[in-house]
Amino acid sequence: MIFFDKLHQNISQNQSLLFVGLDPNPEMMPGRYSSQDIIDGLWDWLQFIIAETADFVCAYKPTLGFYEALGVPGLELLQKTLAAIPSHIPIILDAKHSDLNTSTIFAKTVFTQWGVDAITLSPYTGQDHVAPFLVYPDKAVFILCSTSNPGAEALQQYPTRESPLYLQVVQESKNWGTPEQLGLEVGTTNAEVLARIRQVAPERMIMVRSIWAEGGNLNRILEVGLNTDGNGLLIPVPQDMLASANLSKEIQSLRAEINQVRDITVRDVASCSVWLPDVFTVKQHPLHDLILQLYDIDCIMFGNFVQASGAVFPYYIDLRKIISNPQVFNQVLSGYENIVKNLTFDRLAGIPYGSLPTATGLALRLNCPMIFPRKEVKAHGTRRLIEGNFRTGEVVVVVDDILISGKSVMEGADKLKSAGLNVHDIVVFIDHEQGVKDKLQANGYRGHAVLTISEITSVLHQAGRINDEQFLALTAE
């Protein structure tokens, strides 16, 4: 099962956002276990914690460093502990892994041999370090973006408090993986830090740490960190509570306290959305995050650009860049797939050159054959107009990137029809919306678009990515 599906299932089943740190810390071990051999005592304590909490938490988080500090017996203890956790409860290995050279083999070890569901990573070696962990489709990572350690403040707040490094980490890490692959780890007692992170990453799961230290305010943490559904946060069980002989009773009380605040928060957000829709966007566009990512990787640029049609626009949309960002490309393919899977056809056809990678990826996803009409016919070789195998009379869905005038995509469709193929549907990622779909229909084609330019501009403007002047320039077209 995919990690976040497994996590949400446990959140719902146990009505809990709580996770437990399964850390064999001799300094925190209750006195009732101290008369035994230290490893045996820690093992008995960890078994007690699991038995007392399994019905009241959504995840377990063993910290690798504590087990490593105990040497070989500690790693053996880790194996026993992982095996003792009920299989339906997700395991987040707190490793803070940061070594690029060992990332591939370590990912294989923790995910395939140890069987953990997610892992914490340090961000500073970048996407190359994170990528080996993301190739496991049912697993996830949590990126450390902030810690509560006072000594880290000089780094985290650099260069200014208005534009701190920890927010840049959040912004950059969003491009490394989808919300279904990548969450954030935030250690802080400062609700303002969490609020700023939530504002930048409204769609991400956040695992908070250190909130029970002096100065922490649980209600405020929940208020700024929860999403509109009362989820989106993972809350740690206090370490000192794990030493209690009445752990089960105490954790149920904490769960009830958190759920009470969750209920209030959800009601408050719902009421605000009715009266202040321009301020609190409770119901976001389904592709809200993708639109922002397209802007952030410069697929949308401003200036005076001459389009292929000859028209001059105050912006340019360059979707070719998506192939260099696997996470964004994957989301774009999903958008196309949601449309194409409902159509009747025999083959896909990409229009050269911009949509060929998209059509290829889509064909692989849908397990269907692909062809494409050549932009120009070679003067040598087979001189084919259509590349790829096909049979006369087959139905082809045409895939292109953007509809501006419709001229190039209809030229491609006409080439396909001249070879004896039938074309009824044209699917694009962005519709420029100047009556081009009507033009397609007048020529016998049904037009479909994942997004319209007005949807994109609306999301970018509401999110503060573009200013009023840019918004007007886009909407005036």
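Placed from the backbone N, Cα and C atoms, the Cβ positions cover glycine too.
Residues or ranges marked as region 'OMP decarboxylase' in Swiss-Prot: 1-273.
Annotated active site, proton donor per Swiss-Prot: LYS96, in sequence order. Cβ-based neighbour count (10 Å, all protein chains) for LYS96 (active site, proton donor) stands at 16.
According to Swiss-Prot, the feature region 'Orotate phosphoribosyltransferase' maps to 274-477.
The Cβ of ILE402 (5-phospho-alpha-D-ribose 1-diphosphate binding site) lies under 8 Å from the Cβ of ILE317, LEU319, VAL428, PHE429, ILE430, ASP431, HIS432, each of which sits 6+ residues away along the same chain. The feature 5-phospho-alpha-D-ribose 1-diphosphate binding site is assigned by Swiss-Prot to ARG374, LYS375, LYS378, HIS380, ASP400, ASP401, ILE402, LEU403, ILE404, SER405, GLY406, LYS407, SER408, with similarity to another entry given as support.
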Compile a sequence-ordered list of residues in the same chain as ARG374 (5-phospho-alpha-D-ribose 1-diphosphate binding site), six or more apart from it, whose Cβ lies below 8 A from its Cβ; state 'none' when nothing qualifies. PRO352, ARG384, LEU385, ILE386, GLU387, LYS415
Let me know the model's mean pLDDT on the region 'OMP decarboxylase' (1-273). 91
Around the C-beta of GLY406 (5-phospho-alpha-D-ribose 1-diphosphate binding site), how many further C-beta atoms are within 10 angstroms, looking at every protein chain? 26
Top Cα neighbour of LYS96 (active site, proton donor) in the set of binding-site residues ILE404, GLY406, SER408: ILE404
DSSP says SER408 (5-phospho-alpha-D-ribose 1-diphosphate binding site), in three-state terms, is helix
